[in-house]
Each structure stands twice: as C-alpha cells, then as structure tokens.
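Comments concern the structure below.
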C-alpha cells in the first residue's frame with residue numbers, strides 16, 4: 001500500500017495535520033505523504049469562516065448568536081474516545097470539548113472516569129498521617145509545658161529554644177503574608193495595565209532595600225544573599241522589558257475572565273485562608289518540635305510522652321516536618337490550580353457559544369480535582385517536593401562546607417545545587433500545564449505531562465509561554481511578599497530580643513522559615529492567575545482557531561504585540 005492509499009484508508013477520526021504542520025514534518029523527516037484537502041485537509045473559503053474536516057473533524061460555519069465556537073453538531077462528545085498518544089504526533093486536535101454543553105462534566109466529558117494514579121493517593125495518605133501523628137505528639141508536649149514556654153512575648157522561662165514568643169512572631173508573619181498576597185491580587189485587577197511594571201519596580205526596590213538594610217545592621221550573610229537575588233532580578237528586568245506589552249495583553253485577558261467569573265475570586269480568597277490556616281498549624285508544629293525534642297537539660301518536654309530528646313532526633317523531625325508541610329501546601333495549591341483550570345477552560349471553549357458557560361464549572365472542576373484527579377495531583381506535588389527537599393539539604397551542606405573552609409566541597413555542592421535548581425524549574429514549568437490538561441481531560445499525571453510537552457513543542461508555544469512573563473511576574477510578586485514577611489520576622493526578633501536568641505543563632509532558621517511560609521501562602525493566592533495562564537496557553541496550543549473565531553480582538557492583539565504568534569498559531 002503506497003502513501004496515498006494509506007492516507008485514504010485512515011480512520012475517520014484520525015488526526016489530519018494542517019498544511020503548516022505538514023510542511024514542517026516534510027522538512028524535518030522527509031515525510032512525503034500527499035496532503036489531500038478533499039480527504040480531510042484544511043480548506044479555507046474566502047467568503048466565510050469555514051473549517052471542515054470531512055472525516056470527522058469540526059466545522060464553524062454556524063457561529064450562533066454570540067459568534068463563538070459552536071463545534072460540530074454531528075459529534076457525539078459523551079461517547080467520543082481520545083485517540084492513543086504516539087510519539088510522532090500530539091494528541092488528536094479533533095477530540096474537542098463540547099461548547100454547547102449545559103454542565104462542565106458534559107463539556108469536558110471523561111468517557112470512563114476512574115481514579116488515576118492511586119499510588120499518589122496512598123503516598124498522600126501516608127505523609128499526611130505521619131505529619132498528623134508527629135503534630136499531635138509535639139503539640140501535646142507544648143500544652144503540657146505551656147507555663148514553662150510562657151503566655152506572651154516575655155513571660156516564659158524557656159531561654160534556650162523556640163517558645164511562645166516564636167508563635168507570636170509567626171502570627172505576624174502569616175498576617176503579613178495574607179494581607180500582602182490579597183492586596184497584590186487586588187492590584188492585578190485594579191491596575192492591570194500597570195501591574196507588571198508595578199511588580200518589577202516594587203520587587204527591585206524592596207529586594208535592594210532589604211539587602212542594604214541587612215548589611216547596615218550587620219547581618220552580612222543574609223545581605224549578600226539578597227544582593228545576589230536583587231542583581232539577578234535587575235538583569236532579568238532589563239532583558240525582558242520589551243516583552244511587557246505582550247504579557248500585558250495576556251494578563252488583561254486573564255483578569256477579564258476573573259471579572260466575568262466571580263468564582264475565581266472566591267476560590268482565591270478561600271485558598272489564601274486555607275493556606276494561612278495550614279501555615280499556622282505548620283508553624284505551631286515546628287515550634288512544638290523544639291519544645292519537645294530540644295536536648296537541653298532544662299527542657300521539661302523531654303519528660304513528656306513521645307520519646308527522649310536528642311539533637312539528631314530534633315534535626316531529623318524538623319526536616320521531616322518541613323518536607324511534609326511543603327508537600328501538603330503543594331497539594332493544596334495544585335487542587336486550586338486544577339479547579340480554576342476548569343473555569344478558564346470553560347471560558348475559552350464555551351463562553352461565546354449559544355449555551356454559554358457551563359453551570360457550576362468551578363464546583364464540578366473541584367469535585368473532579370479531589371476525586372479522580374487527586375492521585376495525579378499528589379504524585380506531581382511529590383516530585384516537586386522531593387526536588388526542593390534535596391535542594392534544601394544541599395544548601396545546608398554547602399553552608400557547613402563554607403563555614404569549615406572546604407572550598408572544593410563548597411564549589412561542588414554549589415554546582416549540584418544549581419543542577420537541581422534547573423531540574424526543579426523544568427518540573428514545575430511542565431507541571432503547570434500537566435495540571436491544566438488533567439483538569440480538562442481527566443488523564444493521569446504522566447500521560448498529561450507527555451501530551452502537554454509534545455503539544456507545546458509541536459505548536460511552538462513553549463517559546464511563546466516563556467515570552468509571556470506572567471509566571472515570572474507572579475513569582476516576583478510572591479517573592480516580594482516573602483521578603484516582606486522575612487523582614488517582619490527579622491525585625492520582630494531583633495527588637496523584641498528574646499533570651500533564646502541572645503547569641504543570634506536563631507536568626508537564620510526563624511527568618512528562613514518565615515520566608516518559606518509566606519512564599520507558599522502567596523503562591524496559593526496567585527495560583528488562580530498562574531492556572532489561568534497555563535490553561536490559556538494549553539487551549540491556545542491545542543485549538544488556536546477557537547480564539548481567532550470566538551475572541552478575534554484578543555487574537556489580533558496577541559499577534560500585534562507578539563508577531564511570531566501568527567506563524568506559531570497557523571490554522
């Protein structure tokens with residue numbers, strides 16, 4: 001059978017590449033199969049917007065009263081099965097959501113829903129159970145020695161380790177993180193056009209100001225670290241300033257969706273509160289671990305149930321609690337991500353249809369996130385948490401090597417830490433799009449990651465995503481909140497001057513933990529915009545014609561501010 005016969009014998013719902021993609025394949029692989037517009041190729045009628053894949057594709061000649069994407073009325077979306085993924089082509093673009101569905105589950109139907117990645121559910125249950133058991137043991141020890149730990153900033157007898165004073169400190173840290181995170185999100189809605197510039201300027205001013213302040217007060221180690229961060233941020237801002245107009249268009253689109261769908265704001269607010277509540281529990285657990293397992297001879301916590309005290313046990317349990325806390329906040333954040341992806345996906349495909357937005361899109365998406373997709377979310381969160389945990393261990397080892405004067409070990413550990421940093425960036429980068437794919441199509445974690453990777457490469461959207469700057473801007477905003485919270489923690493320690501920090505030995509752990517807690521709270525708040533960005537680019541890569549037909553003004557603005565987009569989105 002020759003190439004033409006194979007082409008004619010293709011199943012009706014097979015993927016038929018458009019001419020642009022076909023030409024790319026011919027150039028790259030020498031693929032010479034004939035492209036026959038009569039058998040399913042792209043055929044453009046100059047008199048009307050008409051896209052008809054005659055072998056089971058979609059058509060748009062009937063736009064409806066809203067002028068949006070209406071899909072093909074002959075398609076059976078409830079029974080339609082996605083084609084198998086192959087390394088040669090991305091997932092079939094003809095497998096599309098139903099824009100005229102009344103509910104989210106109908107619009108993004110999963111033919112045979114099942115609990116994906118069950119191993120992720122087991123891991124989540126084990127980690128949560130372990131963290132809960134540890135928390136109960138140590139908090140009970142704190143309660144039993146509460147009079148020794150004190151009732152306020154100065155009332156305790158504990159002058160050797162963290163106590164009630166530290167809990168009050170973290171209360172201020174969490175309040176700072178919550179307020180600034182919500183204000184930052186509100187600023188994105190109120191001053192959308194200026195938001196990216198405001199973020200960069202505030203981040204630069206605050207990072208340089210914090211670095212200079214630390215140097216002035218003699219906290220040189222933190223000052224040097226913040227100077228490095230500030231210098232890198234300045235360099236990044238200078239290199240990316242020309243891409244700000246394109247990023248502004250994308251951000252305006254995302255904010256407009258939040259205005260039209262108040263559920264996004266509600267989810268963000270609830271997520272911030274949940275993140276802050278977990279941060280309270282986490283900080284209480286960390287302080288209580290010191291209360292229970294600090295090996296000081298005066299520690300009454302050693303006499304409570306839960307085992308004896310030792311320095312090794314203290315360090316080990318602190319590391320375990322930090323890993324569990326980071327992992328659980330990642331799960332919380334990514335559940336919100338998947339939930340909001342459902343809302344943005346519904347907007348992209350359905351808001352301009354005759355039916356309009358599906359009913360209860362947020363609630364239906366949340367239900368899918370905490371049932372069928374929870375294992376996938378847990379598995380993806382675990383990978384990121386392990387990488388970050390290893391990075392933190394390497395950072396501690398590097399500091400020890402530097403203090404001991406071992407230059408070779410310091411350099412090697414720095415190199416390994418940089419490698420893990422790149423790995424962390426890559427995994428986090430593709431996790432965003434994998435979670436959006438999971439939200440819309442109900443697939444497992446690994447198939448979703450593979451599909452999004454191939455889809456981004458095929459369309460060339462990966463470079464477009466990098467140039468959008470949205471992820472970087474939101475990361476800078478979260479860092480700004482974390483800097484502010486860390487500064488609050490440092491000032492609280494410095495000016496209240498607790499006896500346990502008389503030698504300054506607790507500056508690093510207390511301030512560092514404050515930074516991490518505030519960063520996670522801010523990331524949870526900002527995930528609604530990050531989720532919207534990843535869902536927008538995922539849908540754009542998969543179905544660019546929907547944007548061109550349903551939202552022509554947005555499409556033209558994107559092409560105007562980012563000229564390569566027209567070639568990348570060749571439809």
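Numbering starts at 1 and runs along the chain as it is shown here.
Cβ coordinates come from backbone N, Cα and C, glycine included.
From a predicted model like this one, the values you see are computed outputs, not experimental measurements.
Taken from Swiss-Prot, the feature compositional bias 'Polar residues' covers 15-31.
According to Swiss-Prot, the compositional bias 'Low complexity' annotation covers 39-52 (among others).
Residues or ranges marked as compositional bias 'Low complexity' in Swiss-Prot: 71-80 (among others).
The compositional bias 'Pro residues' feature in Swiss-Prot is assigned to 81-90.
What Swiss-Prot records for 1-96 is region 'Disordered'.
According to Swiss-Prot, the feature topological domain 'Cytoplasmic' maps to 1-118 (among others), an assignment based on sequence analysis.
Here Swiss-Prot flags 140-166 (among others) as topological domain 'Extracellular'. Helix, strand and coil counts under DSSP for the topological domain 'Extracellular' (140-166) come to 12 helix, 0 strand, 15 coil.
As annotated by Swiss-Prot, topological domain 'Cytoplasmic' applies to 233-263 (among others). The average per-residue pLDDT of the prediction over the topological domain 'Cytoplasmic' (233-263) is 86, rounded to a whole number.
Residues annotated as topological domain 'Extracellular' in Swiss-Prot, with sequence analysis given as evidence: 285-311 (among others).
Taken from Swiss-Prot, the feature topological domain 'Cytoplasmic' applies to 333-369 (among others).
The topological domain 'Extracellular' annotation in Swiss-Prot covers 391-406 (among others). Within the chain carrying the topological domain 'Extracellular' (391-406), a Cβ under 8 angstroms from the stretch's Cβ atoms is held by residues 319, 322, 413-414, 416-417, 420-421, 424, all 6 or more beyond its ends.
Tertiary proximity for the topological domain 'Cytoplasmic' (428-472) is limited to same-chain residues at least six positions away from its ends with a CB under 8 Å from its CB atoms, namely 21, 82, 85, 87, 89-91, 97, 108, 110, 113, 116-117, 120, 196, 236, 240, 243-244, 246-247, 250-251, 254, 334, 337-339, 341-342, 344-345, 365, 368-369, 372-373, 375-377, 379-380, 383-384, 529-531, 533-535, 537-542, 544, 562, 564-565, 567-569. Annotation comment: Swiss-Prot describes 428-472 (among others) as topological domain 'Cytoplasmic'.
Residues annotated as topological domain 'Extracellular' in Swiss-Prot, with sequence analysis given as evidence: 494-503 (among others). The residues of the topological domain 'Extracellular' (494-503), classed with DSSP into helix (H, G, I), strand (E, B) and coil, number 6 helix, 0 strand, 4 coil.
The topological domain 'Cytoplasmic' feature in Swiss-Prot is assigned to 525-571 (among others).
Taken from Swiss-Prot, the feature transmembrane segment applies to 119-139 (among others). Long-range Cβ contacts of the transmembrane segment (119-139) within its own chain (Cβ-Cβ under 8 Å, at least 6 residues beyond either end) map to 281, 284-285, 288-289, 291-293, 305-306, 317, 320-321, 324-325, 327-328, 331, 374-380, 382, 445.
Taking Cβ pairs closer than 8 Å, the transmembrane segment (167-187) reaches residues 152-153, 195, 198, 268-269, 272-273, 276, 279-280, 283-284, 287, 477-478, 480-482, 484-485, 488-489, 492-493, 510, 513-514, 517-518, 521-522, 524-526, 528-529 in its own chain, all 6 or more past its ends. According to Swiss-Prot, the feature transmembrane segment maps to 167-187 (among others), an assignment based on sequence analysis.
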Intrachain neighbours beyond the transmembrane segment (370-390), with Cβ under 8 angstroms and 6 or more residues off its ends: 110, 113-121, 123-124, 319, 322-323, 326-327, 330-331, 334-335, 338, 420, 423-424, 427-428, 431, 434-435, 438-439, 442-445, 448-449
Candidate ranges 264-284, 312-332, 407-427, 473-493, 504-524 - greatest C-beta contact count to the transmembrane segment (190-210) (under 8 angstroms): 473-493
Number of helical, extended and coil residues in the topological domain 'Extracellular' (391-406), per DSSP: 13 helix, 0 strand, 3 coil
Residue counts (helix, strand, coil, in that order) that DSSP gives for the topological domain 'Cytoplasmic' (525-571): 39 helix, 0 strand, 8 coil
Contact set, same chain, for the transmembrane segment (407-427): CB under 8 Å, 6 or more residues outside the stretch: 383-384, 387-388, 390-391, 394-395, 397-398, 401
